[in-house]
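Feature annotations, reproduced from Swiss-Prot:
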type: DNA_BIND; residues: 25-93; note: DNA-binding region
type: COMPBIAS; residues: 8-17; note: compositional bias 'Basic residues'
type: COMPBIAS; residues: 68-90; note: compositional bias 'Basic and acidic residues'
type: REGION; residues: 1-29; note: region 'Disordered'
type: REGION; residues: 68-104; note: region 'Disordered'
């Protein structure tokens, strides 16, 4: 007769994450994300019935095939969005510091 397996489960402590502030600024998009958002619908129209994963794969292949001059407009958009994020983050952090000083 085989022995019964006895196992004990140990409880692991879950690390509580801080809740994300809904008022926090959204991160800037990368050049690839601007390209993907602009071209996703074109890929779906050209390939009806394509799966979500295949759309991403085709977008990645098209991005890699772009020359530097073709990528430049997307990189400029990404740089502008990064600057927007940094500006919003700075003002958001300044507002957070003011709130902490008032509550102290």
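Glycine is treated like the rest: Cβ placed from N, Cα and C.
Cβ atoms under 8 Å from those of the compositional bias 'Basic and acidic residues' (68-90) belong to residues 25-35 of the same chain, restricted to positions at least 6 beyond its ends. Break the region 'Disordered' (68-104) down by DSSP state and the numbers are 36 helix, 0 strand, 1 coil.
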